[in-house]
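Student: Below are the features I grabbed from TrEMBL:
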TRANSMEM  7-25  transmembrane segment
TRANSMEM  31-52  transmembrane segment
TRANSMEM  64-82  transmembrane segment
TRANSMEM  88-108  transmembrane segment
TRANSMEM  120-140  transmembrane segment
TRANSMEM  146-166  transmembrane segment
Amino acid sequence: MKVVNNPALRSVFAIVLGLILVLWPAATINYLVIVIGVLFLVPGLIAMIGYLMRDKERYPDAAFPIEGAGSALFGLWLIVMPAFFVNILMYVLGALLVIAGIQQIASLASARRWTQVPGFFYVVPVLILICGIVILFDPFSVAETAFILFGITSMVYGISGLINGFRFRKPKTE
């Protein structure tokens, strides 16, 4: 089996992926959830088809693959309602950040009882808290921003890879 290890191809792929993420972040988020849905759906269907196609005389008491049915139904749900799951994920992330920010602020306030805590130590916990609140109030645009940032980073990685590949190419020996 031939292994493809072409840095230029990898760089071009990273640039294309980055462009897709930057140009269509909302669609990309939904398609990612749909792909995850397919990854749940296919094994579930395979398990259920295997159950239905089994040799009923050799395996008459085979249990119905409940986890296969659950996997297929969950995958179908992800495929049909991807935006719903993106929003749920962002709400969970926002809530976790709010809790983390409050916990850090409370810990610093508690530490003030036995030591002096300079004000700048509160900056990061307050920023975490603010990020969590922003995510809770506008979860989908925050998700889009994350995909845009990832897309820009992917393009920079690809361009850097192309430049490095051409700049530091091994000289040809005759």
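Yeah, the Cβs are placed from backbone N, Cα and C, and that goes for glycine too.
Walk me through where these features lie, including what they touch and how far apart they are.
Tutor: Long-range contacts of the transmembrane segment (7-25) within the same chain: residues 143-145, 147-148, 150-162, 164-165, each at least 6 residues beyond the stretch ends and with a Cβ under 8 Å from a Cβ of the stretch.
Packing against the transmembrane segment (31-52) from elsewhere in the chain are residues 62, 64-65, 67-79, 82-83, 85-86: each is 6 or more residues past its ends and has a CB under 8 Å from a CB in it.
If you look at the transmembrane segment (64-82), the same-chain residues 6 or more away from its ends with a CB under 8 A from one of its CBs are 29-31, 33-34, 36-48, 50-51.
A Cβ distance under 8 Å defines the sequence-distant neighbours of the transmembrane segment (88-108), meaning residues of its chain 6+ beyond its ends; these are 117, 121-122, 124-136, 139-140, 142-143.
Residues 7-8, 10-22, 25, 28-29 of the same chain lie 6+ residues outside the transmembrane segment (146-166) yet bring a C-beta within less than 8 angstroms of a C-beta in it.
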